[in-house]
Structures are given as structure tokens and as C-alpha cells.
There are 2 protein chains.
Amino acid sequence: MKLQALFEKNIKINFPFLIGEKLLIACSGGLDSVVLTHLMKQLECEIALAHCNFSLRGKESDGDEMFVIGLAKSLEIPVFAETFDTKKFAEEHKISTQMAARDLRYNWFAEILKDFKYDYLLTAHHLDDDLETFFINLTRGTGLNGLTGIPKENNKIIRPLLKFSRQEILQYAETNNFKWREDSSNQKTDYLRNKLRLEVLPKFKETNESILKNFQKTQQNLQASQNLIDDYMGLVFKLVISGGSNSYKINIQKLKELPNTDALLYELLHGFGFTEWDDVSNLLDAQTGKMVFSKTHQLLKNRDELILTEISDENISEEFLVPKTGITSPINLKIETSKYIGETEKNLIYIASEKLKFPLKLRKWRSGDSFQPFGMKGKKKLSKFFKDEKIPLTEKEKIWLLLIDDQVVWVIGHRMDDRFKVTENTSEILKISYLKNN
Amino acid sequence: MKLQALFEKNIKINFPFLIGEKLLIACSGGLDSVVLTHLMKQLECEIALAHCNFSLRGKESDGDEMFVIGLAKSLEIPVFAETFDTKKFAEEHKISTQMAARDLRYNWFAEILKDFKYDYLLTAHHLDDDLETFFINLTRGTGLNGLTGIPKENNKIIRPLLKFSRQEILQYAETNNFKWREDSSNQKTDYLRNKLRLEVLPKFKETNESILKNFQKTQQNLQASQNLIDDYMGLVFKLVISGGSNSYKINIQKLKELPNTDALLYELLHGFGFTEWDDVSNLLDAQTGKMVFSKTHQLLKNRDELILTEISDENISEEFLVPKTGITSPINLKIETSKYIGETEKNLIYIASEKLKFPLKLRKWRSGDSFQPFGMKGKKKLSKFFKDEKIPLTEKEKIWLLLIDDQVVWVIGHRMDDRFKVTENTSEILKISYLKNN
């Protein structure tokens, strides 16, 4: 059967809800999205193209944009085109160019869907993309979920070409004399994907004639396995979890009665950003009060329960100003000038006044914070520092920082930052004491 | 840490039960099994070597055997060596040389374990073997179970090198100046494994420094997922299955109330050799009496149940002789000479006598059988023929074949084989009728 017929069959069977709807097609101008556009044009849908110009390849990027606009014109369909300063966005958000392009593109698509009342976004991912993603995850280490493939349907994003290979798509395009744009960056930007695409996968495909078909079947089987795990976790959830909305309580007793407790803990909690699974697992037998943190959640051992709570943005970002004189809150610091340098203790530091800029700031530490521990040359992550100092989890949670802007001055109760120490040039010495007020 | 220390740690943590036991090491004389032998020699176990000479590489095979005997002598440990006629065994059992070698070797090892009271068999499979097996299964299409890896422990077979890479093993052997035999057939016999080993995996490994470590982690995660499915299936089994020993009954009603019914059916039944999963799945809504077969089992729809029964060896292999004259059993065939060719019907054929050789044979058809349908040039699998002819499952089960040796003469009640038709050279025509006697 020809691709057009197979494609229509695929739509009828797997995406019948698309027929008659308003559909936005993400169109780069490359082979895959151009073929998707032509295929969709022949169905009874109201389609439009959306093209992102990421300004990453100068004239070539502009050429792609012009091409897509021309394609839309020749097919007499609407087109949306937008130019982004991807490099700037990446720098501002401290993410890779690739991540930036991804964020920009999906955010913009979502806006169009909403503003112009399109029902679905269609992307041109195909079977070879899926195979590449499988291999990418495999090289990095993954689990069942990382091997089940790109979803053919995910919220409002539909991928109707996912069943078809690059080869089939190319052949269809050549037979029909379609024009498309070659993206020169395919050869450059994504080292891993290109290494796989150009060196590993061609050899892999040579091993078996029906390898792509077999791969598709494998992914269906893996998805079926994942579905069973999800069903099982539904039962386990009912059995061991209480609470909801703001916090979940896991009944440790009931959880331990089930086999493969650690795997269950992983399935229950991996959506909440935890990464230190040994710590999570140890919590089951830890003393009441012990905690483990992810970036967004905390897990507290409390008698026979683990209590999962979201760390609210408020909590995590709450900052307090510390004036040079007067009361500090929420913890009690006493700041005074000193004529001499005494012994620095855990709860007492001597510091060079000229290096400070009041008001200082007070907040809890966050993962990602780092400082230059007193007596050391280089910087150290706080998480590493706490680990090396063998500071228990319960205590870690309570640790406050004294800062200038985002620069740590003192890990209160533990260690000051070397950059603020008193030197022979210091004209005014400040003595800061931490007066525990609870 | 050096390999020796890592290996000992691995034994202590994962295989503490080996210490002090009588252990048989499968030793080909190649790098991996030689290293395993040296590593085990340093532990407090009573070890012996077992070497199979498969007679596949002439003098080289004999050289391997002499080498292993020499190794055992130098280490002052017992050695078992046996020579097999692998090619003959393969021909006799109609299996590949590789399968033959595998069967011979594991059967022989099991005998030694039993006769000489060894506690475990140790094989030298390592992490790269595991990665190769993962890829082999992937090329063929597989599921979760095919991706969880070679078991490090399986009954009496232990694989204590599975954590270690070929590179680590080679380095250890070179550092210690071990001698071993290179197997020239590594380069030849197993096309797929060698293609992966020599072309695909080296490129794959270049993508990430810690790829083998990541792969190990991936397999652990997949195994954890498989464990959860097994736990879930334990619950499902209790809920929907009754009976036992000779036959299981699956309660269709209860099964259908659970989500992902097809995936559950697969998990419940895939151990019984079924391959036509659509047929199995359709059975849920079929009429009472419909059946699906695997090579070893039948699944019968009976009201609100699926009944799984083993097909006994007796049934499946029972063959009956058909003399040229007299009564045939268990079905009633009438054989007579004929002066003319009449119309061939479903239950009546005309056949060239000189091509037959009495007694003929009568047996039920088996999956794997094929014949040359009357009027066709090429051969066709019976399973394909039945499918094309749209023969219902219930009927398929009852179909008998008339054969000369293993050559199909007539698919009784359906189609004769083209090779036995009457031609202008035929001197005697036989008319065979199938008289339904039930």
C-alpha cells in the first residue's frame, strides 16, 4: 500500500478524532514536516502551518521561513511564523540552545492553539526518531519508561507519522516531487543523536530486514508492560496512601508487607524529583524526623508514615533582610563591631566589615548553593559540604544562610565563607553571633 | 580496586553461598573462562573444570581440549573433558549447530553435577555478553523480559563475571600473564552476534564514557519493573484462575473487569508457547468450543471460561499406519484402484499409485508442516493454508494428514498435494475416499 493510503488508514484507526478539526502543523520546512503537511492537506481538516525561526543559522534560517510561507501559500492554507532570539533566551535561562529552542517552540505553539482556537498540534516525528530516542536514553541509562518511546498522542500534541520510517517518508516525497529544505545543522548540533544516526543505527539496521517493524512491536510490548505496572500501582496506591492535595502519607507497615518495597517506593515517588533513592529507601527504617528532599518535595519520616509534602515556592524562596543593627528574624543574629579577632566558633564569626553591604539577606539553603569554606581555596557545593561534614538530614533541613545578594557569607552554625574573613587590610571587624532562640 | 578484589567482593555480597562448595567451571579455554578459573582458584572452594570438545574445528578443537587439561593440571584441580559429534546431533535433531552445542553442553554439565555431586555450575558470561544479548533480542523484537539480561543466577547455574566488562577481564589476564586460546570461530559462526560485536557495539560504546555502567543500571531498573509485573500477576492469578496441575481455568468475566485485558492474557499465557495473540484475544468473545493451539497447549473457550490444557506427547505424536487394503484407523479411508480420474472433491482424491509407498501414515497436522497444494508450484505452510482458506480454529484441530514418511500426500478433507497428482505417465490410479465415521 502507498504511504498516502497507509497514512489515511492510520488516521482513521488511531486518530479518528482529528477529522474535521482545526489542526496546527509544526513545520520546519524539512522533509518530515513537509510530507506531513502534504499528507494532511488531502484529509478533510482545516490545517495551518506554524514555523519557528530560531535565528541560529543566519540566512539559512530566513530561507527556511520563506520556504514554509511559500509552501502555505501554494497550498492555500494559513501560516504562522515567528522569529526568536534563541541564543539570548538560552543565556538568560542558563539552558542549552537545544532546550531553549524546545521551550520557545512549544510555548509559542500552545499560544497559537489557544489564541486562534486550534484543536491539536501535529508534529512530524517518525519511527527513526523514536529509535534514536530509545538509543539516546539507553546510552544515558534509563528504565522501562525511557524505552517505551515517543507518545503518539500527548495532550494536544499528535504525532501521526510515528508508525512510518524515514525511508518511507523520503520515498513518498521523491515520488511526488516534493521540495523541502535540508537543515545543515542536522550534521552538527546534536552530537549524540548524530553519532547514533550516522554511525550506530545504520549498522544496527543491517542486522535484520524487519528491524524497524520488530522495534515497533518491542515498544508496544514495553508499553503493555508499563500499563500493567501502572494498573498495579493504582492498587498499591489505594492500599498504602492516604491524604491528598497538599500532602500524601505512605503507610510504612503496609508498604513493607508488599514484595519489592524499593521498586514500589520508586514508582510511587519518582514523579516528585527525588534522585537519592538509597536515602529514600533508608527513610523506611529511620528515626522519626528524618527527611529527604528533592528540588520540589520533602519526604518526612514520622512514626509509621512517610509524609510527602510539596516545598512551597514561598518556603523555598522566602528571604529576610538583615539590617546592621536591630532585631533579625526569623533567627536571632547579634551583630556588633569588635576591636579584636577572637576564636571563630560554629555559632560565632569574625568578619571584615568593608566586604559587607547591608542589609544582608537570610534564607534557608537551597540545593545548588555553593560557597568557599573558610580555610579553603576553591568553591564547594553546600550539599557536598554537608555530606563531608556528615550533617544528618534532620539538621540539614534547618540550616540558614547569611548572604550578600546570592553570595554566601556564612553557613550559619557551621562555617563562614573564606572570602569574608578578616585580613591585615581590614579596618572594621564585625562579630556576628547566632543566638539560638528556640 | 583490582579485578581480583572486586570479584571477591562480588562473591561475598551476591553469591556468599558458593564459599566452601563444590563448583564446576565451564571452561572453553578462551579468555573469559580462563580468567574465571584463575579467580575462583583463589577462593576457598573446591573447583573443577569441564570442557566440551564439539569437534567443529578439527585440530583446533583438540588443541583447546589439551589446553584446558593442561590448565587444570597446572592448577592441580580435576578436569572433565568430553568429545561430541555436534554436527551429527544437529542433523539428527534438525537444529542448528549452535543449538546442538548448547543442548549437548548443558545436558552434559547437568550429568556431571549429578554424578559427581557438584553444587553449582559456573559460566564466564560477562557484561559485554549481556549487552550483546540485549541487542540480539532487540533486533528480533522482544519485550521487557528479553531486555532484563542474562540471569546472574538460574537454578544451579551461576555467572559471577556478569558485572565485569570484557575490557576489565582482558586487562586482568594481561597483567597476570595468563595464557588462553583464541577461538577462530568467533569470527565466523554467529553472524548476528559478531555483526553486533564488531560493528554496532564499538560505535555505540563511543557515545558515552560510562555506557556499560549505565547499561547495568538500566537492566536493574528493567528487572525491578519485571518484578512488579510478576507481583501484580500473582494477584491477578489468584483472582481469575482456578484449577491446577493438568488444566487451568481462566474466568473471563473477572479478567475482563481488569484493565489491559490483552496484556494480562499475554502475561498469563506466554509461558505456554502461544504465538497467535490476536487469536488468543479473540477467544474471549468467541463461541463455546473455539480453540487456539500452541505446540504444547490448547486453550478452549467454554462458556465463561478459557480452559488451558497441555497437549500430551501421546496425542501430538501419535501416528497410524495405512495399509493398501483393509481397515484404516482412527479415521476411515477407503482405498481402491480406479480406471479413470473423476472429479477431485474435498473428501475424495485421485492419485498416482506409482508415487506412493505403502504403508502410508496417518497423523494429525502439526505446526511446521507444509505441502504443495494441488494446482500450485511452491510449498506452503499448513498454518498459512488454513488461514488463507479461512478454516475455523475448531475445525483445524481435527484435521488429519495422509503422508509418505514426512511428505504430505493429502490434507484430508481439504486439498491433496500437487506432487502426487495423476499425470499422463501414471499407470495405476488410486481413488481414496474419506468416509466420515462419526
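Even glycines carry a Cβ here, placed using N, Cα and C.
If you take the C-beta of A:Leu31 (ATP binding site) and look for same-chain residues 6 or more apart in sequence within under 8 angstroms, you find A:Arg166, A:Ile169, A:Leu170, A:Ala173, A:Trp180. The DSSP secondary structure for A:Leu31 (ATP binding site) is helix. The ATP binding site annotation in TrEMBL covers A:Ser28, A:Gly29, A:Gly30, A:Leu31, A:Asp32, A:Ser33.
Under the heading domain 'Lysidine-tRNA(Ile) synthetase C-terminal', TrEMBL lists A:360-432.
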In the chain carrying A:Ser28 (ATP binding site), residues 6 or more apart in sequence that have Cβ under 8 angstroms from it:
A:His51, A:Cys52, A:Asp64, A:Val68, A:Arg181, A:Asp183
Would you mind checking how many other C-beta atoms are within 10 angstroms of the C-beta on A:Ser33 (ATP binding site)?
25
Within 8 Å of the Cβ centroid of A:Ser28, A:Gly29, A:Gly30, A:Leu31, A:Asp32, A:Ser33, the other same-chain residues by Cβ around the recorded ATP site are A:Cys27, A:Val34, A:Val35, A:Ala124, A:Trp180, A:Arg181, A:Asp183
Tell me which residues of the chain lie with their Cβ under 8 angstroms from that of A:Asp32 (ATP binding site), as long as they are six or more apart in sequence?
A:Ala124, A:His125, A:His126, A:Leu161, A:Arg166, A:Ile169
Go through A:Gly29, A:Gly30, the listed binding-site residues, and name the one with the sparsest Cβ surroundings, counting other Cβ atoms within 10 Å.
A:Gly30
What average pLDDT is reported by the model for the domain 'Lysidine-tRNA(Ile) synthetase C-terminal' (A:360-432)?
87
